[in-house]
Each structure stands twice: as C-alpha cells, then as structure tokens.
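Here is the structure we will look at, set down as structure tokens.
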Amino acid sequence: MSFFLTTPTAIDLGVNIDHVATLRNARGTAYPDPVRAALAAEDAGADAITLHLREDRRHIVDADVRALRPRVKTRMNLECAVTPEMLDIACEIRPHDACLVPEKRSELTTEGGLDVVGHFDAVRAACKQLADAGVRVSLFIDPDEAQIRAAHETGAPVIELHTGRYADAHDAAEQQREFERIATGVDAGIALGLKVNAGHGLHYTNVQAIAALPGIAELNIGHAIVAHAVFVGWDNAVREMKAIMVAARVAALHGGR
C-alpha cells in the first residue's frame, strides 16, 4: 500500500502497461515483459497496475493477464469491453478492479467514454456479474452529467472520467473548457457517493491541473510513461509521474482550487 494513501494529499497512480506489450508485439518477441514492467512500476511507487485486454489482443494478451494476477502486489485494474467473452475472463481472473470501456476494432486507442445511457441494461447486467464475482467495477465515461447519473444507477461504485478531449485540445481555451467539464464531473460523481478516477492522454506537462482536483482518487497513465522511459528509464519515469501528481495535489490543497 502506498504511503500516500494514508495522507490528506492522497492521489494514486495506476500505471498502464499496455504499451510495454505493444513494444513487445511489434517484433513478435518475448520481451519486454509487461509483467516485469508491472512489478518494477510497483517498486517505483505505482499504486495500481492497469491493463486493457482488447478483443483483438493488439497488445495485452490473455497470458499476460493470467501471469500478472497472482504476482501483483498493489491492485490489478483490468480494462475490458462489455462482451460475454471479456466479462467471463474478468470473472475468472478476478482482478481487484474491472473498468468497463467502449471498444472499436478500427480505433487507434479508446476514443471516448462508455455510453452508459444508451446501453444501460447491458452495463447494469455486466456490473452485477462482476460484483457477484467479487470484482469492483469502474465505468470509463465522458464527464457528462447524464452519463455520471446513469453510471451511479448501474450500481458501479467507481467511475473513471475520460480526459482525452482535455489532453487533445487544440488551444488553451478549448483545454480550459474541457478541464471545467472534468472538474464539474468530479464534483457530480462525488456528490453521488462515487469514487472518481480519471485518465487518457495525460502526460508530464498536462497532468498537473487534473491531479490538482481534490476529488480525484486515481489517475491511470500509460503511453506517456512508456515513452518517457525510453530516455530516463522505467523506474524514473514512474517516479517522476507520481511526484508530479502529488506535488500538484499538495499545491492545490495549500493554495486552494
């Protein structure tokens, strides 16, 4: 358990290891090993390990999930689509958390949040199936009031707000608008009694404002850490991200939001 979990400045870092697997799969080798990366990330201060088992297995594969589960020392957060196959795998593996995400085979990366409003019955059934298996459920959604309310009504105890539009904003004004949507979404989730996480597209120079939001419990970050590790090493990349997040939270608590 992280030291930061016991302090008022608590904000967790979930390190996503998907793109360690992307690098491995680019040449069809056995290295780099995502499990080794996960364990090293934990040693460097990660509070959770996130991995996305996509239907097309483009990066993480079933063997990675099965190998990691008994070895993870923090929490395993398995991202998966709302499909019978993926739900069955999640119930069998029983990660600490399962984050339900939308998925399209044609996308380069996840393009938006899960449409809980439009697929309410299926999502609610998935939440029950996972909860019955002892898995805590998170829903990856856009910072939209209707989606947040619907997520709460499914019985999911956790939401992860999609920060991709904030991260991909073309100018400062657009980024500020998206930031305000996220901040409002955090407040809405907390008001409903939900644990609120966030992630997607966050990196070393845009994470500060999001980490400063006092209601966010956890940020899930992967690609930026893998990329930075090319230059500074894996341990340093993880430690730097965690330090940036905590510093932003401390500054916000001392200076106000």
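Cβ coordinates are placed from backbone N, Cα and C, and glycine is handled just like the others.
As recorded in Swiss-Prot:
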| type | residues | note |
| --- | --- | --- |
| ACT_SITE | His52 | active site, proton acceptor |
| ACT_SITE | Glu79 | active site, proton acceptor |
| ACT_SITE | His200 | active site, proton donor |
| BINDING | Asn16, Arg27, Gly201, Gly222, His223 | 3-amino-2-oxopropyl phosphate binding site |
| BINDING | Asp18, His19, Arg54, His59, Thr109 | 1-deoxy-D-xylulose 5-phosphate binding site |
| SITE | Glu160 | site 'Transition state stabilizer' |
Residue from Arg27, His200, His223 whose C-alpha is spatially nearest that of His19 (1-deoxy-D-xylulose 5-phosphate binding site), among the recorded positions: His223
DSSP three-state assignment (helix, strand or coil) for the residue listed as 'active site, proton donor': coil
DSSP-derived structure type at His59 (1-deoxy-D-xylulose 5-phosphate binding site), helix or strand or else coil: coil
Separation of alpha carbons, His52 (active site, proton acceptor) and Gly201 (3-amino-2-oxopropyl phosphate binding site) (Å): 15
Entry from the recorded positions list His59, His200 having the most other CB atoms no farther than 10 A: His200
Residues satisfying Cβ distance under 8 Å from Glu160 (site 'Transition state stabilizer'), sequence separation of at least 6: Cys99, Ser138, Leu139, Phe140, Ile141, Val196, Asn197, Ala198, Gly199, Glu218, Asn220
Which binding-site residues sit within 10 Å of Glu79 (active site, proton acceptor) - Cα, from Arg27, His59, His223: none
Residue with minimal Cβ packing [other Cβ atoms within 10 Å] among the binding-site residues Gly201, Gly222: Gly201
Residue among recorded positions Asp18, Glu79 with least C-beta crowding, 10 angstrom cut-off: Asp18
Which recorded positions sit within 10 Å of His52 (active site, proton acceptor) - Cα, from His59, His200, Gly222, His223: His59
